[in-house]
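J.: To start, I am sharing the structure in question, which I have written as structure tokens.
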Amino acid sequence: MGPHGNDSDFLLAPNGSRAPDHDVTQERDEAWVVGMAILMSVIVLAIVFGNVLVITAIAKFERLQTVTNYFIISLACADLVMGLAVVPFGASHILMKMWNFGNFWCEFWTSIDVLCVTASIETLCVIAVDRYVAITSPFKYQSLLTKNKARVVILMVWIVSGLTSFLPIQMHWYRATHKKAIDCYTEETCCDFFTNQAYAIASSIVSFYVPLVVMVFVYSRVFQVAKRQLQKIDKSEGRFHAQNLSQVEQDGRSGHGLRRSSKFCLKEHKALKTLGIIMGTFTLCWLPFFIVNIVHVIRDNLIPKEVYILLNWLGYVNSAFNPLIYCRSPDFRIAFQELLCLRRSSSKTYGNGYSSNSNGRTDYTGEPNTCQLGQEREQELLCEDPPGMEGFVNCQGTVPSLSVDSQGRNCSTNDSPL
């Protein structure tokens, strides 16, 4: 989102460029421009490289092709478009002290900027709802939200985001009426985003605040349910060990099943924390800007131009953070390492007993005599011993079907996030 007003030179001269020696001042300005250009280039490269890596990893490795990760792809696409079509032109606008791409591209660029932010926050909102359904209605989850339905949801998110971003800007509903704004609209070299009060408030509420409130409310509920499940695991685990200590000493299989189930549940709750970090980071990066965006149109000149632009760029930098956050997930970490040739791509075993072969397909390589399920191996396998294990199977994900293996253990599949 372009800066309000035309005072974007502050990034070019730390001391106001008022040194008595003109040559010294010019050298400082040039050094500052070079430094800012390098910093902005690093930001653009980090955004593009990181999000291309995320999209490629999910597209290549079946293990990562879960419903939740479809939404992650949508989020990565929004960040990638931000890195390719928004941030570079914003950097040019600041470094060149003027807009060099004409009025049409100015409005189109601004529309893309609003589109990416809106699509990101709405996708995060959908992810929160997705996790809420998965953790509260595990038996219904896979029938409620299939991969095809997820694609439809993603399409709807982008359509709604497009309508709320392109329509008001291309129809000029956003335009202010004071002289400085009108002059900028007609000037080819000016691309400052002057808006009227109604648009600034309405667009901020629709594109950011409403999805943010929904996301925070739903995800707080998800964590409450997850906390209760972890407490249930602790109680059941203690009860199991007390009742079956002698059996565990004679045959370690039951204890192994419990530890494995507990480990699975903890892994799923760690995935929830990862998604929570993604949402929290997005909020911290963009909330200050949207607060300032409303304050600016209510009280003009109250917010310094420097603050407005810096907060706008704090939001841009958020697009580079998500790929780093995904590295909390062992599955994403391994996929990234294989794509970057830091790990051999054949028969590398995941921590949960899966291995990824050279064609990106995931196979289970755990214990012998495992459950034979007639479904794709991209789904997580969870085999549990019957005694005392009620409630562990649906600790986070879904249990569409149960089967029993040769050792009498209950088996289930789960569409795991991240």
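Glycine too: its Cβ is placed from the backbone N, Cα and C atoms.
Pulled these from Swiss-Prot:
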type	residues	note
TOPO_DOM	1-34	topological domain 'Extracellular'
REGION	1-23	region 'Disordered'
CARBOHYD	N6	N-linked glycosylation site
CARBOHYD	N15	N-linked glycosylation site
TRANSMEM	35-58	transmembrane segment
TOPO_DOM	59-71	topological domain 'Cytoplasmic'
TRANSMEM	72-95	transmembrane segment
TOPO_DOM	96-106	topological domain 'Extracellular'
DISULFID	C106-C191	disulfide bond
TRANSMEM	107-129	transmembrane segment
TOPO_DOM	130-150	topological domain 'Cytoplasmic'
MOD_RES	Y141	phosphotyrosine
TRANSMEM	151-174	transmembrane segment
TOPO_DOM	175-196	topological domain 'Extracellular'
DISULFID	C184-C190	disulfide bond
TRANSMEM	197-220	transmembrane segment
TOPO_DOM	221-274	topological domain 'Cytoplasmic'
MOD_RES	S246	phosphoserine
MOD_RES	S261	phosphoserine
MOD_RES	S262	phosphoserine
LIPID	C265	S-palmitoyl cysteine
TRANSMEM	275-298	transmembrane segment
TOPO_DOM	299-305	topological domain 'Extracellular'
TRANSMEM	306-329	transmembrane segment
TOPO_DOM	330-418	topological domain 'Cytoplasmic'
LIPID	C341	S-palmitoyl cysteine
MOD_RES	S345	phosphoserine
MOD_RES	S346	phosphoserine
MOD_RES	S355	phosphoserine
MOD_RES	S356	phosphoserine
MOTIF	415-418	motif 'PDZ-binding'
J.: What recorded positions among C106, Y141, C341 are found with a C-alpha within 10 angstroms of that of C190 (disulfide bond)?
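T.: Matched recorded positions: C106, sequence order.
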J.: Quick one: Cα separation, Y141 (phosphotyrosine) versus C341 (S-palmitoyl cysteine), in Å?
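T.: Between the Cα atoms of Y141 (phosphotyrosine) and C341 (S-palmitoyl cysteine), the distance comes to 36 Å.
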J.: Compare the Cα of C341 (S-palmitoyl cysteine) against each of the disulfide-bonded residues C106, C184, C191 and report the nearest.
T.: C106
J.: Might you confirm whether the transmembrane segment (197-220) is in contact with the transmembrane segment (306-329), defined here as three or more C-beta pairs under 8 A between residues 6 or more apart in sequence?
T.: no
J.: Which numbers of helix, strand and coil residues does DSSP report for the topological domain 'Extracellular' (299-305)?
T.: 1 helix, 0 strand, 6 coil
J.: Let me know the DSSP-derived helix, strand or coil state of Y141 (phosphotyrosine), please.
T.: helix
J.: When secondary structure is assigned with DSSP, how many helix, strand and coil residues does the topological domain 'Cytoplasmic' (59-71) contain?
T.: 10 helix, 0 strand, 3 coil
J.: Run through the Cβ atoms and count how many others sit within 10 Å of the one on C184 (disulfide bond).
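T.: There are 22 such Cβ atoms around C184 (disulfide bond).
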J.: Identify, among the recorded positions C106, C190, C191, C341, the residue whose Cβ has the fewest other Cβ atoms within 10 Å in this structure.
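T.: So among C106, C190, C191, C341, the recorded positions given, the one with the fewest Cβ atoms within 10 Å is C341.
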J.: Roughly how many Å lie between the Cα atoms of C184 (disulfide bond) and C106 (disulfide bond), rounded to a whole value?
T.: 11
J.: Please work out the helix, strand and coil residue numbers for the topological domain 'Extracellular' (175-196) from the DSSP assignment.
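T.: Once the DSSP states are binned, the topological domain 'Extracellular' (175-196) shows 8 helix, 0 strand, 14 coil.
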